[in-house]
Every structure is written in structure tokens, then in C-alpha cells.
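Read through the structure below, which is laid out as C-alpha cells, and then see the notes.
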């Protein structure tokens, strides 16, 4: 039977010694958390001025880092995107190993292995004809899974806040942990796959020759050829396809459904792959059930900074505080 512990913050050094003498093995997890919380308060008592300095350092570092990142992205977008992608891929792995999140580690290894294979196929020259569709189908699949996972996680969190978890006799902390975990999985892999898809989209499109980041395309586009994958289009725009339909943009260029969805939604491209005319996503995806996918993609872009750069900035702040002797 776990002992009942009353934790009171106060009493100076005597109270701190009493907290150090508490046997944590006899306490429940909640009581252990209370003791650790009281120890932290006792340790940092009287450090208000020091804590104010640390807050100022944090604010200043965040402002300076944000300005530097914006300038870097504007002046050297390619290197910024590559470093951000590497940060997105590696930083969570450190916390996974440190905190023993083995389930996340298994999923991360599987995702990394398949994505590495797909990326390898996308960067080969000459490009195999089936590679573009393979790449876009894989990333579109991950995009839909991450989208659904994020929605389920968000609903679980909201149900917990409204107390609906009690109808199923589920503890609030268990329901909240489940919802937050699903939300994290959906958002993290949603951001990561979009960055990989954008990189592969640029490389494949420039290799095929119908697209170039700067300048004119190196090949002339036929009316019956998809500029994303370079394959023949057999289904008319007005016909209903068995596997996929054919889409026509406002510039009158036609594409395979999976290709243009991968290019615009997953690959984050807002222009025609051939003529670079602005793409009207609302017109192309007229079904109202498809529009949340576009808004979800914009949400993932906002979260990229939080996942990739926030841990680095926090680590930098901790390093500055350590050098200055702040605790």
C-alpha cells in the first residue's frame, strides 16, 4: 500500500532535506510527481531575478532566431528546406531513444525505410516510367493516413475535454494520452512526407523535362501526355475513369488525377507543372469534402517551425543560460 505524503512547499533548507529523505519506491506515480514538483520549487526558491533574466534571454533568442530563419529561407531556400527536412527527420529520433518510445521508433524506421527507397527511385537517371506514379501514390497514401490519424486524435482530445470518455469507463489521463499521441503521429508524419514529396516532385519533374524551376521546359508537351509523370492519358476529362480520372487546369493542360493531386496537395505546388500558371485549387477540387485536405496541408506548414527548429532554439537558450551560470 503506497504511503500518503503531504507535500508543502516552504520551510527552506529543512523542508528540502525532508523531501530528499522521502522513499520514492513506496509512493504512487501521482505522489512521486508531487514530491518531484515540490523538490523543484524548493531548489529554485529565491531565484526570481535569475528566472526573469532567463525569460528575457528566451524571448531575445526566439526573436533573433526567427529573423535569421526568415532571411535564410528568402536568400537560400534550397539549403533551408534541406536542413529543415533533416531536422524534422532526426530531432524526434533523439527524444524517441532518450524517452524509450519504442512504438514510435518502429513506425519511424518503417517509414524511413520505405521513403528512402521511394526517394532513391525518384532521384535515378534515367527515370523509370512507373516511378512518378509510385512516388505520388506512396506520399498521397501517407498524407491521407496522417490526415485521418490527426482527425481521430483531435476528436479523442475534444471528447476527453467534454467528459465523454467516462461513458466508456476510460480514465481521463489515458484518453488524453491516446488523443495527443494520435495527433502527434498525424501532424509529424504529415509534415515529414510533404517535405520529402516536394523534394521528389522537383527532381522528377525536372528529370522528365516538362518542368523547370527557372526557364522554359526542355520538352514540348503533347495534349495527351501528363506533364507530371510523362505518361499517356487515356481517359477523357469528361469521362469517369475506372482507376482514376483526368483533371484539366485553368490553363487547359490535362493531368492524371493522382499526379496532379500529388503535385498540388502533397508536393505543395501551386502552379501548373508545365506553364507555371497559378492553380485554382477550389476550382480543381470542387467537392467540399476535398477542401479540408488543402487546409490541413497549410496547417502542416505552420507546424514545421515548431517541430524542426524549436528544440534547437530551446537547446541554444539552455546553453546560454549554462554559460552565464543561470539555473
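Our numbering is plain: 1 for the first residue shown, then up by one each step along the chain.
Just so you know, glycine gets a Cβ as well, placed from its N, Cα and C.
What you are looking at is a predicted structure, and each value in this text was computed from that prediction instead of being measured.
The N-acetylalanine annotation in Swiss-Prot covers 2 and rests on similarity to another entry.
As annotated by Swiss-Prot, transmembrane segment applies to 50-70 (among others), with the evidence given as sequence analysis.
Panel annotation: around the transmembrane segment (79-99), residues 69, 72-73, 105, 108, 112, 188, 191-192, 195-196, 198-199, 304, 307-309, 311-312 of the same chain, lying at least six beyond its termini, place a Cβ under 8 Å from a Cβ of the stretch. Sequence annotations record features per position, and here Swiss-Prot assigns transmembrane segment to 79-99 (among others) based on sequence analysis.
Using a Cβ-Cβ cut-off under 8 Å and counting only residues 6 or more beyond its ends in the same chain, the transmembrane segment (100-120) has close neighbours at 89, 92-93, 134-135, 138-139, 142, 185, 189, 192-193, 196, 199-200. What Swiss-Prot records for 100-120 (among others) is transmembrane segment.
Taken from Swiss-Prot, the feature transmembrane segment applies to 148-168 (among others), supported by sequence analysis.
The transmembrane segment feature in Swiss-Prot is assigned to 172-192 (among others); the stated evidence is sequence analysis.
Annotated transmembrane segment per Swiss-Prot: 306-326 (among others), in sequence order, evidence recorded as sequence analysis.
In the predicted model, the zinc finger (226-276) shows an average pLDDT of 75. The annotation zinc finger is assigned in Swiss-Prot to 226-276 on the grounds of sequence analysis.
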Outside the transmembrane segment (148-168), six or more residues from its ends: residues with CB under 8 Å to it: 174-176, 178-187, 189-190, 296
